[in-house]
Amino acid sequence: MEGKEEDVKLGANKFSERQPIGTSAQTDKDYKEPPPAPLYEPGELKSWSFYRAGIAEFMATFLFLYITILTVMGVNRSPSKCNSVGIQGIAWAFGGMIFALVYCTAGISGGHINPAVTFGLFLARKLSLTRAVFYIIMQCLGAICGAGVVKGFEGSSYVQKLGGANFVSSGYTKGSGLGAEIIGTFVLVYTVFSATDAKRNARDSHVPILAPLPIGFAVFLVHLATIPITGTGINPARSLGAAIIYNRQHAWDDHWIFWVGPFVGATLAAIYHQIIIRAIPFKARA
């Protein structure tokens, strides 16, 4: 009996404190904050990887618009919603394509496929101004080409069925549309920050995190909520591509909403994640 008690005491002394598990087991020494990206990096313009990343953003946004706008047109052409995939199918098309395309391009360009995402990451100093501008240009060009191919397939019915363009639906005010775009983009960009957080990956390395999945699922959920309000933009390139190819006045009347809303939402998400959640400015002072 005394021997057993001695064994217990020995074990208690060997492990005098409970060992923390999971995220609390890590210390500040396990992770170092990467330096902020410079506003301008001259070497980028001489690197093939820079242009390869831009081409990847172009192609990804092209495919994104092609599949999603074609899905929207299929629903609009159907005489009965019961004979089409409906709003849920449209939401799955947008979310599913983001999941697939982010997975394919994350290792090349970061898989932004959205000027609002690029802008939010730029504000967080995750990429240079040069790269951010280049990405946004390529995303917009890809979106225009993707919507253009859909119009080529659909012919005259493309304009008759509204071309997948974004505008505020009747019964809603422009303020409601703007609010929906701000909150929807906040959800998306905040998810991007959380899913791709390098500190979280280092801290929770024992828990595999497939970043494209939560990002795509966030897009799906936002579309379910806001398709009835604005058709769901939360991506200025998507809205611009559809508006240019559709080219009707009521789409242009509301078009500013689909730039201002996403950029404001991305800004709020960057501030929330970097300052409130990560407290990076306070760490820098320390």
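The chain as shown is numbered from 1 upward.
Each residue, glycine too, has its Cβ placed from N, Cα and C.
If you look up TrEMBL, you'll see 1-36 marked as region 'Disordered'. TrEMBL lists 55-75, 87-111, 132-150, 177-195, 207-229, 256-277 with the feature transmembrane segment.
Counting same-chain residues at least six beyond the ends of the transmembrane segment (55-75), those with a Cβ under 8 angstroms from any Cβ of the stretch are 81, 84-87, 89-90, 93-94, 97-98, 101, 104-105, 108-109, 111-113, 135, 138-143, 145-147, 149-150, 153-154, 157-158, 161, 163-164, 237-238, 241-242. Long-range contacts of the transmembrane segment (87-111) within the same chain: residues 52-54, 56-57, 60, 63-64, 67-68, 71-72, 75, 121, 127, 135, 210-213, 215-221, 223-224, 227-228, 232, each at least 6 residues beyond the stretch ends and with a Cβ under 8 Å from a Cβ of the stretch. Long-range contacts of the transmembrane segment (207-229) within the same chain, counting only residues at least 6 positions beyond its ends with a Cβ under 8 Å from a Cβ of the stretch, are 87-88, 90-92, 94-100, 102-103, 106, 111, 168-169, 172, 176-177, 180-181, 184, 187-188, 191-192, 194-196, 200-201.
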